[in-house]
Ligand code: UDP
Ligand code: MG
């Protein structure tokens with residue numbers, strides 16, 4: 001299992017100061033699997049900034065941008081908006097956030113999304129959370145949630161399920177093949193699901209910590225050596 005959530009560095013274009021690359025966790029799962037709900041808990045407990053690709057796209061529609069109409073009609077058909085649009089929105093949101101740890105929910109939705117994000121931002125996810133939930137349960141949740149979304153009607157929901165199976169599951173399978181997926185049984189009550197999610201983030205934090213302890217230990221050794229040297233020097237000066 002790839003668990004490197006450390007912050008890597010890359011040289012800036014001018015080759016001077018090294019720029020920190022943010023830590024990104026992709027949160028994937030079918031429509032209604034609970035991504036947004038769980039992300040809110042993760043933010044509270046683990047200090048991530050959460051971006052929902054769907055919410056960013058809805059914001060773009062509301063802002064009356066030139067892409068708004070195109071995005072609106074694609075969403076109403078359950079189709080995947082061109083990568084260029086979504087990746088730009090995500091990149092801008094990350095740059096403006098001031099944080100270095102991001103949960104990106106509902107993206108990448110197809111292989112092209114995945115490749116475009118990597119190519120534009122140079123970021124590969126630290127890992128992927130996958131919320132696994134049966135279709136009947138997801139459908140029940142969406143029809144009960146009343147969020148006033150145009151695409152939460154039975155006709156569009158069915159289209160979204162189809163797109164999820166055809167285009168988004170292969171992305172999960174890709175990340176599974178490189179050992180980056182943490183699969184969560186999402187068909188349980190919210191609190192129970194979060195216990196599993198918490199366990200993933202806690203175990204990853206723990207795997208990162210020993211490195212910190214090693215560093216602390218070596219700093220302590222260096223200090224001890226410094227004291228010994230200064231003691232010897234003083235001792236010699238004083239003629240012992
Ligand atoms: N969408 C998209 N690209 C994305 C995220 C969302 O094209 O990266 C569109 C797509 O039409 C999808 C809709 O936005 O059906 C709603 O996405 P959201 O993640 O909000 O809903 P979910 O399917 O998770 O309930
Ligand atoms: Mg959502």
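The backbone N, Cα and C atoms fix where each Cβ goes, glycine too.
Note that this is a predicted model, so its numbers are computed, not measured.
Among the candidates 140, 160, the one that TrEMBL lists alongside 58, 79, 80, 81, 106, 107, 108, 109, 149 as binding ribonucleoside 5'-phosphate is 160. Residue 35 (ATP binding site) has its Cα within 10 Å of the Cα of none of the binding-site residues 58, 108, 113, 149. Look at residue 32 (ATP binding site): DSSP puts it in coil.
With a cut-off of under 6 Å between the Cβ and any atom of ligand 2, the binding-site residues 34, 35, 36, 106, 149 reduce to 35, 36, 106.
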